[in-house]
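These features come from Swiss-Prot:
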ACT_SITE  Cys2  active site, for GATase activity
DOMAIN    2-188  domain 'Glutamine amidotransferase type-2'
BINDING   Arg50, Leu51, Ala52, Ile53, Val54, Asn75, Gly76, Glu77, Asp99  L-glutamine binding site
DOMAIN    196-531  domain 'Asparagine synthetase'
BINDING   Leu235, Ile280, Ser354, Gly355  ATP binding site
SITE      Glu356  site 'Important for beta-aspartyl-AMP intermediate formation'
Amino acid sequence: MCGILAVHHVAEDIEAFKPKALHLSKQLRHRGPDWSGKAIRNQTILCHERLAIVGVESGAQPLVSDDGKLVLTVNGEIYNHLKLRENLKGNYKFKTYSDCEVILYLYREHGPACANMLDGMFSWVLYDQDKDKVVAARDPIGITTLYQGFSSDSPDTAYFASELKALHPVCDKIIAFPPGHYYDSETKQTVRYFKPSWWDENKIPSNPVDYKLLRETLEASVRKRLMAEVPYGVLLSGGLDSSLIASIAARETEKLANSTSQSEEARTITAWPKLHSFAIGLPGSPDLLAARKVADFLHTFHHEHTFTIDEGLDALRDVIYHLETYDVTTIRASTPMYLLSRKIKAQGVKMVLSGEGSDEIFGGYLYFGNAPSREAFHSECVRRVKNLHLSDCLRANKSTMAWGLEARVPFLDKDFLEVALNIDPEEKMYINGRKEKYILRKAFDTTHDSSLQPYLPQDILWRQKEQFSDGVGYSWIDALKDTAELCISDDEFALPRREWGDDIPTTKEAFWYRKLFDEIFPRQCADTVMRWVPKAEWGCPEDPSGRYQAGHVAALK
C-alpha cells in the first residue's frame, strides 16, 4: 500500500498551490517511504507516497497512460492484474510491471465501472485529461483507507487522501469515502458498484454449509495474497483466525518454493522460502503462548516480541495520531499492533497477512451468543462487515502503515465473502453446544479425513475467542482504565464538551481518548469516527472487551 493525495479543480494558481499539496502529501510519507511522486494536469494535482511491493523497480507513481491523457495515483494491490491485462481489447504499451497500471486501460475501455472488475484492495484517483475530470474509487469492503474532503472556501474543488491528516488543513468537511463506490466529478455522483448477493441484511440465506468449498475458497484467497516481490510474513496471535491464515500461508509458501512452474502463483516467491511469523504481547500473555505453539507446529521462522504497559501507554498519543480515531476498541487493539509493526519493519519485512474479518463474517464476537434469532444473527454479521472500514480494517491498515508495512486480509476476499455470507446463519449460531465460528473450525478439522494433513493443533483450532486487546494480556486493558481514572477527574467527566453533541463518552477511558483526539485533530475530523460497541439490544455489556461477554465468563467457570 501507499499514501495518495489528489486535488481537482484547484481554486488558486496550480503552481502556487503545488508547495501546499506537496506538504499535505508529506503527511502521508510514513505510508510510502520508498519514493514520492506527483503529476500536474490543468488545475489538478495527484501526489503519491510509495511503498514498493510489486513492480519494485519500475512501478513509481503517479502512473500515466501511453498517450499521456490519463493519470492515476493508487494505494493498494490488484491480485488479478495479469488476467485483466490479457483481457484488454486494445493493444496498449505498458510502461511498468506495476499491478495497478492496468487500471488506466480498464478505465479507457469500461469507464468508472471498471472498479468492479478489480480483485484486490485499493483506493485510487484517476484524472481524465480529455474530460477534465477525476474518478475516485475504493475497494468493496474498505480494506484501504480513503477520505474525501470539501472546502467552503472553494466548493468546486474535490479533495481525496489516504488519511485525515492530509486533508484537515484545507478542508472544513471530511467524510470516509464509502467502500464499494466510485465518484465521478463530471456528474458529482458517488455510485455503488459493489452489489454482492449478500448485501441486503434482511435477505436471510438458507444454503447448507459446504465445508470443502469454505476451506478451499479461503486457501485460494491466501494464495493470491502472496503476490509480492519483497519478504513477507504473517501476524500470528495464536487465535483461530490468524493461525488458520498462517497455516495456509505456510503450506502455500512451501508449495511455491518447491515449484518449477512459471505460473502466476510461482512468481510470488520471495527471498524467504520459509514463512516468518510475528507475535506480540505482555510477558506471559495468552497470545504469546498460543502463537509459539502454532509456530512450532507449522515450522515457521517465529519472531516473538513483548512490550511493557509503560511502552504501550507512551505510544498512545502516537497511536491516536496514526489511527485517527477515539474508538475504545480500536485504540486498545491498535496499540500492540502498532508496536509490533515497527518491529516487523525493522526486520526488513514489507508485507504481512492478517486475520481481520472472520469475526464479522461468522459472528465470532462472543456477544453473538445472545442473538435472539437466525435472522438477527445474520443481519448483525452483514452490518458488521459493512462497517469494517470504520473499525478493524482501519486498525489493520493504519497500525501497520504507520511504519510502512502492508497488511493483507484474506478473510475479506470477494469470493470468500460470497461463500461465507450465503450460508444459513443457523449453522453459525451458538446452539447445541457449539463454539463461536464452529463451521470455520469444522472446515479445517481433519480428524475424520485421513487424506488431509492437520492444519493446526486441536487445542488451537478449538481455542475460545480472545479479542486481540485481551489476548496480549488482560492487564493491558486494566492499565488503560486505571490510567484514564488518573487523567480524567470526576468533575471533568461530568462536563462533556458541547461540541461533542450526542456522542458523549460513557466511561473515563472513552473520555480520555476523545480528549487526546481533540488535542491532535480539528473538529471536522470527528465526523469520520464510529464507536464499536456490542449489541445493546441483546443485553450485552457496553465494554467491548470479549472477557465481559457472557460466553467468555461461562467458559472460565
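Each residue's number is its place along the chain shown, starting with 1.
Positions of Cβ are set from backbone N, Cα and C atoms, glycine also.
Annotated features taken from Swiss-Prot, shown on the structure.
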{"residue": "Cys2", "record": "active site, for GATase activity", "DSSP class": "coil"}
{"residue": "Arg50", "record": "L-glutamine binding site", "DSSP class": "strand"}
{"residue": "Gly76", "record": "L-glutamine binding site", "DSSP class": "strand"}
{"residue": "Asp99", "record": "L-glutamine binding site", "DSSP class": "coil"}
{"residue": "Leu235", "record": "ATP binding site", "DSSP class": "strand"}
{"residue": "Ile280", "record": "ATP binding site", "DSSP class": "strand"}
{"residue": "Ser354", "record": "ATP binding site", "DSSP class": "coil"}
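Taking the Cα atom of each, Leu235 (ATP binding site) and Glu356 (site 'Important for beta-aspartyl-AMP intermediate formation') are about 10 angstrom apart. Taking Cβ-Cβ distances under 8 Å and a sequence gap of 6 or more within the same chain, the neighbours of Gly76 (L-glutamine binding site) are Met1, Cys2, Cys100, Gly120, Met121, Phe122, Ser123, Trp124, Asp139, Ile143, Thr144. Across the domain 'Glutamine amidotransferase type-2' (2-188), mean pLDDT in this model comes to 96. Around Glu356 (site 'Important for beta-aspartyl-AMP intermediate formation'), a 10 Å sphere centred on its CB holds 27 further CB atoms from the protein chains shown. Cα-Cα distance from Gly355 (ATP binding site) to Asp99 (L-glutamine binding site): 23 Å (rounded to the nearest whole number).
The L-glutamine site in the record is lined by Arg50, Leu51, Ala52, Ile53, Val54, Asn75, Gly76, Glu77, Asp99, and its two most distant CA atoms lie 14 Å apart. Less than 8 angstroms from the CB of Val54 (L-glutamine binding site) sit Glu77, Tyr97, Ser98, Asp99, Met227, Ala228, Glu229, each of them six or more residues away in the same chain. Note on proximity: among Arg50, Ala52, Ile280, the binding-site residues of the record, the Cα nearest Glu356 (site 'Important for beta-aspartyl-AMP intermediate formation') is that of Ile280. Fewest Cβ neighbours within 10 Å among the recorded positions Cys2, Ala52, Leu235, Ile280: that distinction goes to Ala52. A straight line from the CA of Ser354 (ATP binding site) to the CA of Arg50 (L-glutamine binding site) spans 21 Å. Largest Cα-Cα distance over the residues recorded as binding ATP, namely Leu235, Ile280, Ser354, Gly355, equals 15 Å.
Taking CA atoms as the reference points, Arg50 (L-glutamine binding site) and Ile280 (ATP binding site) are 27 Å apart.
In this structure, the CA atom of Ile280 (ATP binding site) is 26 Å away from the CA atom of Ala52 (L-glutamine binding site).
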